[in-house]
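Asker: This structure is in structure tokens; I'll ask about it shortly.
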């Protein structure tokens with residue numbers, strides 16, 4: 001058991017070190033994005049929503065085709081991948097890189113690796129469910145995809161994408177400040193109250 005844990009820890013450390021090496025040129029940008037996404041200042045949440053809103057309003061105004069939109073998005077990623085490692089040290093100053101920043105960069109990369117592992121783990125569980133319980137897998141996929149298709153039919157695609165992107169960008173800050181846990185706790189208390197009321201009525 002201990003050997004398996006050590007192997008998993010060593011593999012995690014190896015993957016994290018590899019990711020750090022790949023993203024070294026993005027270090028300053030990732031640290032800045034991390035501060036924004038974790039809401040280190042009070043005006044970061046409205047700034048996030050403002051930037052996302054402007055981006056989606058621009059898309060709505062231009063109304064590009066799917067092919068044009070995908071091409072522009074990929075082109076933007078290619079430009080960012082080329083320009084950010086060149087411009088970031090000049091803008092932020094690579095000589096200001098401290099031990100604390102390096103530690104935070106390491107934590108970010110470690111969290112990214114863990115997130116990737118969770119995604120792969122859920123993907124493997126889905127295929128395991130398909131092999132072991134094909135009927136449950138079939139019903140789950142049909143119901144889930146039908147629900148998604150219904151939501152997509154009821155809500156405009158661009159609006160739905162806007163809501164999803166905004167939520168995902170606000171999620172780290174919501175977790176950091178305990179807002180999600182707060183509302184989950186409130187929901188649990190309300191559910192417990194309803195259950196207790198039903199039990200009293202049954203008695």
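Heads up, the Cβ atoms here are built off N, Cα and C, so glycines get one too.
Grabbed the feature section from TrEMBL, which reads as follows:
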DOMAIN    26-182  domain 'RETREG1-3/ARL6IP-like N-terminal reticulon-homology'
TRANSMEM  42-62  transmembrane segment
TRANSMEM  68-88  transmembrane segment
TRANSMEM  136-153  transmembrane segment
TRANSMEM  159-184  transmembrane segment
Asker: Do any residues, 6 or more residues outside the transmembrane segment (42-62), come within under 8 Å Cβ-to-Cβ of it, and if so which ones?
Answerer: 35-36, 69, 158, 161-162, 165-166, 169-170, 173
Asker: Between 0 and 100, where does the mean pLDDT of the domain 'RETREG1-3/ARL6IP-like N-terminal reticulon-homology' (26-182) sit?
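Answerer: Across the residues of the domain 'RETREG1-3/ARL6IP-like N-terminal reticulon-homology' (26-182) the model's pLDDT averages 89 on the 0 to 100 scale.
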